[in-house]
Amino acid sequence: MQEKGTISIHTENIFPIIKKFLYSDNEIFLRELVSNAVDATQKIKRLASLGQYNGELGKLQVEVALDAENKTITISDNGLGMTADEIKKYINQIAFSGATEFMEKFKEAKDANEIIGRFGLGFYSAFMVADVVEINTLSYQEGAEPARWTCDGSTEFEITEGSRTTRGTDIILHVNTESEEFLNKQRLQEILDKYAKFLPVPIKFGTNEQQEEDGQDEEGKPKYKTVETDNIINETNPIWTKSPNELKDEDYLNFYKELYPFSEDPLFWIHLNVDYPFNLTGVLYFPKLKNDYEFQRNKIKLFSRQVFITDEVKDIVPEFLMLLHGVIDSPDIPLNVSRSFLQADSNVKKINSYITKKVADKLAELFKADRKAYEDKWNDIGLFVKYGFISDDKFYEKAKDFVLLNNTAKETFTLNEYKEKVEATQTDKEGRLVYIYTNDPDKQDAFIQSANRKGYDVLLMNSPIDNHFVSHLEQKLDKTSLKRVDADVADKLINKEDAPEHILTEEQSTQVKTIFDSAINKPAFKVELESLSPDELPVTVTMDEFMRRMKEMAAMGGGMGFYGQMPDNYKVVVNANHKLITRILSEENTDTRAQLAKQAFDLALLSQGLLTGAELTEFVNRSVSLI
Ligand code: ADP
Ligand code: MG
């Protein structure tokens, strides 16, 4: 048997192009060839179970062998093998059409990166690293003859009689000069660890030496001998392929350690398992968050039938769950298309909402089963929950029952519980609820104490996401607004009928305003007189809630550029009913008057950490002289 032929395609020679553009990702040749070998063993097993193959199956295995001297890498399997005709069909025609399709896509794509590394080139990826590729194979079929195919990366191939005497296939790569990095044992081991670690058939790569006890020497001490054992690089039944009721907590924790050896134990996990309307298995872990959570992204590994594909799951996992760890395995995720296709893919969308639902259900279950334990974990999971609450409406629908609010008294509430708690005290005269919060309990302590004195509760909103969380709560909660505790004086935070009486006449009020205006003398500070209860502070400096939020959004790049350019504007609320104001009015010396007014103003700044530098020194000196 000898045959020469030409692979007919329009493009004269596509391999140089494949080589060039897939260069950055050329290690995937091993993934492709090893998974083909695994497929071949799975197919013979299936044929046997269908009664279409009655010979010995033997121990199904794939072997990767490196011969650095002869510059070859061989991938062997005892799968179903191929006849010469099948090589022509599957390798020359079909596999080649895959490569041709790649070329088509490549021509269409605006950006080569869009397809590189996403497009499984299958068998022909071998030519990324090899000048010559050989297939040496013997089909399982009765009376089949061994066949050999060789191709030097041009469009010419040759089929001759092969030399295999047992069922299966060897793919022999004659590694090219640019790819000699792959003739290194460590490098190959590393690639196998990355892509083949959980393949369902044992993959052997060389041997390991081990010391084994071998009788005793004359003094009765144990003797050792060196034995060689196969180096099997993979675990054929990783936990996500098992059913949850076969598994103990320990198994999940061990698997986590294996994936992320340097991480702390996870908080909890979710076992994913669907087969309709798409296929998906996996285990997602909630990690203990570190402060540098920006760097903890891309911790979810995507597999397709136990072959590692990528750890960039951006479009498959909802954005707010990108901080989770673990594995997802689905043959239904298209692996060989560009990003934009992936986003539009209906399976990907369904997978996205399935994962969202599963995570929400798990959180609801944890909350219900053990509220205390859930609260203890809130520090770590609060960020996910709030992020999901804000960014995903379906998640919001469930999360509104288990999102928690903390107040400054370290108490914890659900949204409903909190509403019940403050309804009686914090409803304004229009019937709107006003929730009061602080984002910096130290700086805003004076305001918090004033609010508490009025019987108001103050929520703690000091995590990085709380800015957005606050606006979202306001959008979602019925007839409710949120105000930062320093947005106004406590008396004015919630508009009620019961305003305290005025003790100053109109003329006196104007006089006080003038005294303060000239004492402060800064355009950014606008003085206003309010009749507050006499035990409130004499002077309070506040920034309007709306203005402050707009500026914060501008600072975070929220497109509020105009507000970003506005100078800070503060309101200086002078409490007309405070006895210090009465004293200032009755003071005859205009200098002392101005000094007292300035002193009261500086005190307000000081209590909010706004007084620094030379102004602080001046304040201290003035205090000494006033005493
Ligand atoms: P795919 O694996 O997606 O079908 P490939 O280009 O990787 O595409 O392989 C093309 C075809 O070549 C396979 O479908 C299979 O029929 C055949 N093939 C490749 N490798 C082997 C192998 N080791 N044993 C038997 N058949 C093989
Ligand atoms: Mg393949």
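Note that Cβ sites are derived from N, Cα and C of the backbone, with glycine treated the same way.
In the three-state DSSP scheme, GLU32 (ATP binding site) falls into the helix class. Among the features that TrEMBL reports, ATP binding site is placed at GLU32, ASN36, ASP77, MET82, SER97, GLY98, THR169, ARG339.
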| request: Please work out which residue of GLU32, ASP77 has the most C-beta neighbours within 10 angstroms of its C-beta, and give that one of the binding-site residues. | output: ASP77
| note | Given the binding-site residues ASN36, THR169, the candidate whose Cβ has the fewest other Cβ atoms within 10 Å is ASN36
| task | Report, as a single number, how many Cβ atoms besides its own are within 10 Å of the Cβ of MET82 (ATP binding site). | result | 25
| remark: Those binding-site residues among ASN36, ASP77, MET82, THR169 lining ligand 2, judged by a Cβ under 6 Å from any of its atoms, are ASN36
| remark: What DSSP gives for ASP77 (ATP binding site), in three states, is strand
